[in-house]
Each structure stands twice: as C-alpha cells, then as structure tokens.
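As structure tokens, the structure follows; a few thoughts come after it.
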Amino acid sequence: MGELQDWSVTTCLLLLLFQASQIHCTSQTHVLNRLLYRSKRGFGSSVDTNHLNAIRHLSVSSPQNTSGVNQQEQKERDLIENLPGQPSVSFRQYGGYVTVNESAGRSLYYYFVEATKTKKSLPLVLWLNGGPGCSSLYGAFQELGPFRIYGDGKTLYTNPYSWNNVANILFLESPVGTGFSYTNTESDLENPGDMKAAADKYIFLVKWLERFPEYKGREFYIAGESYAGHYVPQLAQTILVHNKNQNFINLRGILIGNPTLNDIVETTGSFDYLVSHALLSQDSLLSYKENCATDTPKMEVDCIALSMKIDDDIKKMNLYNILTPTCINATLTPLTNQSKECTTVLQYEPCGMQYIAAYLNREDVQRSMHVTKLPHTWMLCNEATGFNWNQTDYSASMLPILKELMKHDQLRVWVYTGDTDTVIPLTVTMHALKMMNLTAVTDWLPWFSEGQVGGFTEEYKGNFRYATVIGAGHEVPLYKPKAALTLFKHFIRNSPLPLTP
C-alpha cells in the first residue's frame with residue numbers, strides 16, 4: 001500500500017474524528033500528526049511487543065515520602081465536608097494532591113468517594129478517563145460518580161446508578177497538566193507519553209495507599225475508557241512487575257470501555273461501522289476505493305475532496321453517540337422546580353460538559369475540593385497534552401499487554417463497547433480482539449439488565465470477557481447508566497452477566 005493512499009485514509013479519518021474534539025478537545029493538527037505517523041509505518045504492520053517490553057523494564061523512582069508530610073494528617077485535610085450545592089449523602093469523599101516527584105514539584109489531583117455501604121470490605125477501583133489529557137472528573141460528574149450537575153452549573157443531584165454503590169471509587173487526573181494536576185517544572189509538559197504516565201500513576205497509587213492504609217491489601221481494580229485503553233493495561237502491568245517489592249498491590253482485574261487498543265485496525269473498523277450504519281454511503285466508499293485504495297491512486301486532490309465530502313455528510317451529528325442530539329445552547333439556566341423534575345440521570349443532557357466546566361471553575365467548589373490555586377481555568381481536556389503526546393505511544397498496540405495479563409489466574413480482563421459510538425466503534429474493538437486469537441468458551445449471547453437486553457457478550461479462555469451495551473455511546477455510563485452499573489457489578493463480583501431477564 002503506497003504512502004499516498006495511506007495519507008488519504010488518514011486525511012479522511014482526521015476529518016471524521018475532528019468532530020469528536022467537542023469532548024476530547026484534540027486539535028485538528030494533533031490528530032493529523034498522529035494519523036500521518038501511523039501512515040508512515042504502514043497499516044499492515046504486525047502487532048509488536050515493544051510496549052510490553054518497555055513496561056517490563058519501566059524504571060520507577062522510589063515513591064518514599066521525603067517531605068516529612070504526615071499522611072494521616074494530610075488525609076484528614078483532604079476530607080471534603082460538602083461540595084457546594086450537593087444533596088446529603090451517607091458516604092465520605094476526599095480530594096487533594098499526591099506529589100509524584102518532589103524535586104520537580106509534580107503533583108496529581110484525585111477525587112475519592114467511599115462506597116455507600118459496607119465500605120470496609122468492598123474493593124477499591126481506580127477510574128481513568130482518556131484523551132490523552134482528559135480529566136477523570138468528567139467520569140466523576142458526568143458518568144459513574146455519585147453526583148450530576150444541573151443546568152445552572154452550581155447545583156448537584158444524585159446519580160442512583162453511581163458505581164460507588166458497589167465499590168470505593170478513586171478518580172485520578174493524569175497525566176500531569178490534566179485538570180487540576182500540575183507541575184512546577186515546565187519540561188514535564190514538553191514530551192508526555194505512555195511510559196511517563198504509567199510511572200507517575202504507579203507512584204501516585206503507592207503514595208495514596210500510604211495516606212489511606214485501610215485499602216492496602218484490599219481487592220484493587222483499574223477501569224477506564226477511550227485512551228485509557230493504554231493507561232489501564234500499562235498500569236496493571238507496571239503493578240505486577242513491581243509487586244515483588246514491599247509495595248504489594250492486590251490487583252484483581254481491569255475493565256476498559258470503548259478502548260484504544262490497536263492502531264492498525266482503527267481505519268478498517270471505522271469504515272466498516274460508518275457504512276453498516278448508513279453514515280457513509282456505499283457510493284462514497286466505492287468512490288474511495290476507486291480513487292484512493294489502489295496500487296496507483298489518482299491525484300491526491302481526489303482523495304482529499306472525497307474526505308471532505310464524507311466529513312460534510314456526518315459532521316452535524318454527535319459522533320460519540322449517533323442516537324443523541326448535540327449541544328445547541330450551552331447557556332446556564334436558573335434552577336426551577338420544573339427543571340428539577342425534568343432532570344434525571346436517565347435523560348441524556350447534551351450540554352452536560354459545559355455544566356461541569358462551570359461548576360469546577362467556581363471558587364467555592366475548588367476551595368471545598370482542596371484545589372491549589374492554578375493560573376488557568378479547569379478544562380475538560382488539555383489540548384497541548386494530546387498534541388505533544390509521543391507519537392510512537394499513540395500507535396502502540398496494547399494487545400500483547402492484554403495477553404500477558406491473561407496469564408495471571410487471579411486477574412480478569414473485561415472489555416466493553418457502547419454500540420452507537422463512531423469514535424472507537426465496536427467494529428474496531430472486534431477487529432482488535434480477533435487479532436488476539438482468543439478461544440471462546442461461550443456463545444455470543446444477549447445479556448440482560450433490569451429485564452431488558454443490555455447488550456451482547458462472549459467469554460474467552462484466560463478470564464477475558466467482551467460485552468457490548470445497546471444504545472450506549474463512547475462513554476457508556478453516561479448514556480446507559482443502568483446497564484453500565486449492571487456490567488460493573490458483575491465484573492466486581494466475578495460473575496457472568498445475566499443471560500435471562
């Protein structure tokens with residue numbers, strides 16, 4: 001396959017994916033750079049194990065506390081008495097910083113919510129959003145956390161399908177430069193990448209467990225979505241490598257949704273999804289094949305023009321969930337009794353991202369969450385982080401790491417996909433899983449949530465399960481909170497998804 005042809009493919013995907021920047025905030029130039037890098041190495045490249053080997057030999061500096069901070073006292077200072085505008089709750093919540101490199105002044109922000117009941121025995125779960133450079137507070141306040149934000153941008157309401165009904169949930173803003181996380185050393189922000197992020201997350205976790213020692217030895221899980229398809233397995237492998245020292249972490253499994261797993265299959269999988277859902281016409285696909293997908297492609301301009309047409313056809317929809325509307329008017333509105341009655345977790349709010357930004361940039365909110373006064377506003381995603389991310393890391397396959405994790409009998413690996421996402425659609429994930437040569441131990445069957453089909457699932461040897469969620473987009477807990485909680489509950493309990501209503 002020639003470079004000109006590859007370039008046209010990446011141009012097309014660039015235009016398709018740029019519309020998705022409304023959530024991930026990745027700039028057009030950044031996406032182009034990433035995809036151009038992929039085209040240069042070729043789409044037919046075999047799955048390599050470079051990243052697995054890098055994780056195996058990842059050097060993590062000593063996470064020992066050298067600042068003289070009393071961790072118990074710091075934990076007490078991290079306690080959040082109440083978030084502004086929150087309803088009353090029965091669980092404790094904490095927010096604060098853990099320094100992962102004292103000489104550089106590099107600190108990561110966390111928000112932690114205890115389980116609603118039996119918190120002393122339930123496991124600890126670390127949640128990571130993707131990007132790279134997107135805040136996990138989005139997951140906390142828009143997806144699986146205990147609160148959602150009303151349209152006034154200052155009042156919270158309860159999420160009855162919060163994952164802290166099942167476990168203690170720790171949200172981490174990483175890598176440095178994401179959300180409220182910061183560094184005093186400018187060079188920390190210049191060359192971000194997977195290895196640095198994995199090392200910082202591991203150091204954070206070890207030091208956080210010193211602050212919250214009651215969770216040492218507790219069952220521990222890592223979950224996340226999107227580019228956390230890199231973060232989660234890399235951190236899991238890092239933990240296993242370093243568990244031989246005194247900082248043992250009782251890792252029992254990983255859960256990743258709509259994940260970036262293998263760069264090679266993203267092109268074919270994306271086209272497959274768009275055509276199968278009538279979002280890309282057969283004529284456009286045929287024209288693409290005739291103009292661009294040949295050994296002697298036509299003039300470059302033909303491919304660019306076709307890419308522009310495809311982009312124009314789909315750019316007005318929500319590419320993160322093709323069944324939901326886009327945000328048209330993001331103006332904050334006063335809260336009334338009527339608006340309270342009309343707002344529920346089960347009703348998708350297309351402008352929810354704007355409500356989060358308004359809430360987290362309030363001075364009283366940041367004060368209650370123990371946020372250091374930063375010279376910039378909180379943003380859902382840091383464009384510079386995504387733009388500067390190591391291109392080799394972007395293109396690395398996570399499949400070898402997943403297969404390595406499957407060798408550990410005590411670990412379970414679950415992957416799930418919302419089936420109305422076009423950014424990382426189920427066809428991309430299914431192509432990637434096919435490359436793993438998994439051995440199925442069950443049929444492809446429907447699973448149920450509260451009497452209705454929640455999606456389809458299949459289990460494989462090696463404690464590996466794949467599940468789809470019907471009607472859910474890129475952020476499954478946002479669009480289908482009931483089904484997401486059912487899936488999470490069975491993952492934590494290590495039980496099969498319900499196969500009967």
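Each Cβ is built from the backbone N, Cα and C atoms, and glycine gets one as well.
Over in Swiss-Prot, the protein carries these features:
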type     : residues      : note
SIGNAL   : 1-25          : signal peptide
CARBOHYD : Asn65         : N-linked glycosylation site
CARBOHYD : Asn101        : N-linked glycosylation site
DISULFID : Cys134-Cys381 : disulfide bond
ACT_SITE : Ser226        : active site
DISULFID : Cys292-Cys303 : disulfide bond
DISULFID : Cys327-Cys351 : disulfide bond
CARBOHYD : Asn329        : N-linked glycosylation site
CARBOHYD : Asn337        : N-linked glycosylation site
CARBOHYD : Asn390        : N-linked glycosylation site
ACT_SITE : Asp421        : active site
CARBOHYD : Asn437        : N-linked glycosylation site
ACT_SITE : His474        : active site
Just name the winner among Asn101, Ser226, Asn329, Asn390, Asn437 (the recorded positions) by count of other CB atoms within 10 A of its CB.
Ser226
Judged by the number of other CB atoms within 10 angstroms, which among Cys292, Cys351 is the least packed of the disulfide-bonded residues?
Cys351
Which whole-number value in Å describes the distance between the Cα atoms of Cys327 (disulfide bond) and His474 (active site)?
16
Neighbour count (Cβ, 10 Å) for Cys381 (disulfide bond)
23
The rounded CA-CA distance in Å from His474 (active site) to Asp421 (active site) is 5
For Cys351 (disulfide bond), which DSSP three-state class applies?
coil
Please identify which of Cys134, Cys303 has the densest Cβ environment, defined as other Cβ atoms within 10 Å, among these disulfide-bonded residues.
Cys134
Pairwise CA distance, Asn329 (N-linked glycosylation site) versus Cys351 (disulfide bond), rounded so that it is a whole Å
7
Cα proximity to Asn390 (N-linked glycosylation site), best match among recorded positions Cys134, Cys303, Cys351, Asn437
Cys134
